[in-house]
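Okay, so here's the structure we're looking at.
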Protein chains: 2
Amino acid sequence: MKTIKFPEVSQWSVLSKRPSLTESEVNKTVSSILQDVLNEGDVALLELTETLDKCKLSNLQVSRKEFLAAKNKISQKLKTAIQTAFNNIEKFHLSQREVPQRIETTKGVFCWRKSIPIERVGLYIPGGLAPLFSTLLMLGIPAKIAGCKSIAICTPPNKKGDIDPAILYVASLLGIDEIYKVGGAQAIASLAYGTKTIQKVNKIFGPGNQFVTKAKEIVSSEGTAIDMPAGASEVLIIADEEANPEFIAADLLSQAEHGIDSQVVFVTDNINIINCVKHNISKQLLTLPRRDIITKALESTLFILFKSIEECFAFSNQYAPEHLIIALESYEKYVDMITNAGSVFLGQYACESAGDYASGTNHTLPTNAHAKSYSGVSLDSFMKKITFQTITIEGIQNLGPTIEILAEAEKLIAHKNAVTIRLNTINNEK
Amino acid sequence: MKTIKFPEVSQWSVLSKRPSLTESEVNKTVSSILQDVLNEGDVALLELTETLDKCKLSNLQVSRKEFLAAKNKISQKLKTAIQTAFNNIEKFHLSQREVPQRIETTKGVFCWRKSIPIERVGLYIPGGLAPLFSTLLMLGIPAKIAGCKSIAICTPPNKKGDIDPAILYVASLLGIDEIYKVGGAQAIASLAYGTKTIQKVNKIFGPGNQFVTKAKEIVSSEGTAIDMPAGASEVLIIADEEANPEFIAADLLSQAEHGIDSQVVFVTDNINIINCVKHNISKQLLTLPRRDIITKALESTLFILFKSIEECFAFSNQYAPEHLIIALESYEKYVDMITNAGSVFLGQYACESAGDYASGTNHTLPTNAHAKSYSGVSLDSFMKKITFQTITIEGIQNLGPTIEILAEAEKLIAHKNAVTIRLNTINNEK
C-alpha cells in the first residue's frame, strides 16, 4: 500500500499504468489450443478438458437431468435473491430499448435505424475460484431482451464433470438450455470456429483468465466479434475528509479479493483519511477468507494525495477506471467532471458490490483504461443497428442533382449515372 | 458475370464467401512500418511519405494558408451540394442522440446511463483514385455532434505535397483544423502511437486499402479502438420481374467501380430479369470512365436465381451484405425478413449512391459478413456510455440483504462485507 503525495501531472501517466502481462508464453499456448480445436473439433475439446480440467467427459453438453437436479440444490433464500437481482437487471436493460425514429431528411427522402438481434451469441462463464452465476445474469438477461435466437454457454466443469448448480439454475431461469462443459481458450475456440457439437456463434461475451482473454483477442482479429478487450478488474475511489473510512476500506478490499492482479486506487485531498482507511483495511482484512489473495493485490495498491478534489477527478479521467466510487456527500457538484469510467457509484451507500450483483447496471465493464473509448455491456451489445432508407419520385428529384454533383467531384461516374438514369426515366414518363 | 440457378442451401456458404487476401506479405510490410513510426516518430513519417507517396514534405500539418486557398478552388455548385449533404447527414445523426433515463430499480436504488464523447479521435481519409471528401462528411459530422474535444485527420498528400481542396473545404466546414499529410499504414501508426507532431488518439475511424486495414487490425489488438474490421465494398440486390433492369444495372455498376475487389451480387426469382440486367450492364459500361476496373470487378459478380423471393431474403441474410437494395415495389411485405445487412435501400428510387453521399445515413458500414454482428458508424461510435448509480439509506436497506446472499454464494466475502458494514452502521445510528 504505497502512498504518493502531490504527484506532478507529468507523473500521472506512469501512475495510470497497469501491469502488462508477459505474453509470449500465453500466446504460444493459446495459438496451439485454437489450432487443435480448429483441426480436431470435439475430440480436441474432450482431450483438453481431460488434460487441463482433470475431467474425463463422455458428453460435452449438460443434460436435461442435470438441469432438473440443479434446481433442488439451490436454497430458497438464494433463489429469491437471484430473482431480485434478475428483476433489477431486467428493468434497467429494458429501459435501453430504442424506438426507431423515421426522419425525412429532404422532402421525399426517409431514413431510419432498426436494432436487430445478433442471431447466435456465446457466453463464457468462468469457473476457477468460484461459480460466477452473476456474470450469467449480466450477459443472459440483455441477450434475452435483445431477442438473440440462440444462446450457447461455455463453462468449465469441475473434476467430477459437474457444473455448479447456481449456474444451471440461472440458465434455466433465462430459458437457456444449451450449456457446454468447456472452459479456457478451448471454449473460445469452439464458439468461434464451431465443432460437431458446438455450433459457431456470431459474437462471444464474458470474462476469463489470461488464456481466455488472449483467445478472444485472436479470434476477434480473425473476424468473430467479442464484447470488449479485457484486463484485470479495477476500482478507483475518490473521497474527502467527510467520507466514512470503514466503508472505503470495505470497498477497496472487495475489489482486491477478485485476484492478485486487481487494481485498487484511492485518491483524496486529505491525508488523515488515507491513514484511517489504511487502519480499517488492516482491521477488516483479518476476518476475510481470501486474505492471501487480498494481501498480494494490496502490494500494488496506490493511495494518492492530491491538492484538491478537482485534481482527483482530473487524475481519475486519465486513469479511466472500470469502477469509480465517488464517496463524497456533495457528489452532484462533481458528476459532470467525469469523462472516463466504466461504471460510477455515487455517495456513501452505492458500494461496488451493489452494481456487481443486483442494482441493475451491468458488471461487464471496460478495464485497462479502455473506458476511454469503450462502453460496458448493454442491450446494444447484443444487437446491431441497420439503417434503412426509401426515396419517393419527388425525393430523388429533390436530392438527385446533389448526388450527381458530389459523385462527379469524387470521379465516381457510375455512382452519378445511377441517379441520372432514374431522373431521365422519370422525365420521359411525364 | 456467372449465373447460378437454384443453388442448394448447402452451397450457400460457398456462394457467400468473400475472396481472402494473401496476407503474410502485407502483414510483414505493415508491421515494419508500425515499428518504424513507433521508434522514429515524425522522421519515419517524413521518410515513408517520400518513399511511398513520392512526396518530400517539410511540414506534416496543413497550414492555415492552405485552408484559405482551398476555399477558392471549390465551385459554388459543389459548395451547395456539400451543404445539402451536410444538412441531411447532420439531421439523421442528430436524431440518434439519446435522452438519459433514470430508473429506480428497487425503492431507493437509482441507475442511469450517460453518453460521453470519446475525447480525441482520428479520421483516416484515403487518397488514391479520388479524394473521398464524402467520407470526411460521414465521420466528421457525427464526431462533431458527439462533442469529441479533439479531432485529427490523416490523408495522403499528392506528389506536390497538396491535399485535395474539397477535403480541406469540408474540414473547414466541420471546424477541424488539424489535418496531417500522412497516408497508409504510417498514418494509422501515428494516430495509434503518437509522434512529436501528431498526438495519439483514443479511436481511429475510416476506410483504406489493405495496408491501412491491416494496420488498424494490429493497433486494435494492441488496445487502440477502431470503428470496425474492414473489407472490400459490397452490394446485394434483390429484384423480381417487375423491377427496372436499367436501374439495377446502374446500381451494380456503381458498386463495381469502387475497385476490382468489389463484391457485386444480384439475386432474383426470375430468369428474364437476369438477362435484361446483363444486357443493360454491357450497354451502360461503354460510357463509364472506370470500365477497366468495373470489367475486372464484374468477373466475380454473381447472378443467382432462386425459387422464390423469400429464398432470396434467406440467402441475403446468410450473405450479410454491406449494402442491400430491395428493388421490389412491394418491399414493405418483406422488410421484416431482413436480419443481416449494413444499410438497406428500399424501392426503385433509393439507389446506393443516395446513401453514399447525401440522404443522411452513414456510408461507413460493415463488410465481409461482419453485418451479422457489427453496426455501421453512427453517433454512438464517437461516444461511450457510462452507467451511474446512487443508493439511498432506504435503498441499501432494501437491496443489501440480496447482495449479501449473492456475494456469499459466489464466495466473495469482502463483497458481502461492504454491504454488511453499511447496514450495521445504519442500524447503530438509529
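A Cβ is built for glycine as well, from the same backbone N, Cα and C atoms used for every other residue.
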Residue from B:HIS93, B:HIS323 that TrEMBL also lists as binding substrate with B:SER233, B:GLN255, B:HIS258, B:ASP356, B:GLU410, B:HIS415: B:HIS323
Members of the binding-site residues set B:ASN209, B:SER233, B:HIS323, B:HIS415 whose C-beta sits under 8 angstroms from chain A: B:HIS415
Helix, strand or coil at B:GLN255 (substrate binding site) [DSSP, three-state]: helix
Rounded Cα-Cα span from B:GLU322 (active site, proton acceptor) to B:HIS258 (substrate binding site), Å: 13
Spatial neighbour of B:GLU410 (substrate binding site) that is closest, considering only the recorded positions B:TYR124, B:GLN186, B:ASN209, B:GLU322 and their CA atoms: B:GLU322
Residues that sit under 8 angstroms from B:GLN186 (NAD(+) binding site) by C-beta distance, when 6+ apart in the chain: B:ILE33, B:ASP36, B:VAL37, B:ALA44, B:LEU45, B:LEU48, B:THR49, B:LEU52
Closest of B:TYR124, B:ASN209, B:GLU322 to B:GLN255 (substrate binding site), Cα positions, recorded positions only: B:GLU322
Position of peak Cβ density within 10 Å, selected from the binding-site residues B:ASN209, B:SER233, B:GLN255: B:GLN255
Rounded to the nearest Å - Cα separation of B:SER233 (substrate binding site) and B:TYR124 (NAD(+) binding site): 17
8 Å Cβ shell about B:TYR124, B:GLN186, B:ASN209 centroid, NAD(+) site members excluded: B:PRO126, B:CYS154, B:PRO156, B:VAL182, B:GLY183, B:GLY184, B:ALA185, B:ALA187, B:ILE188, B:GLY208, B:PHE211, B:VAL212, B:ALA215
DSSP-derived structure type at B:TYR124 (NAD(+) binding site), helix or strand or else coil: strand
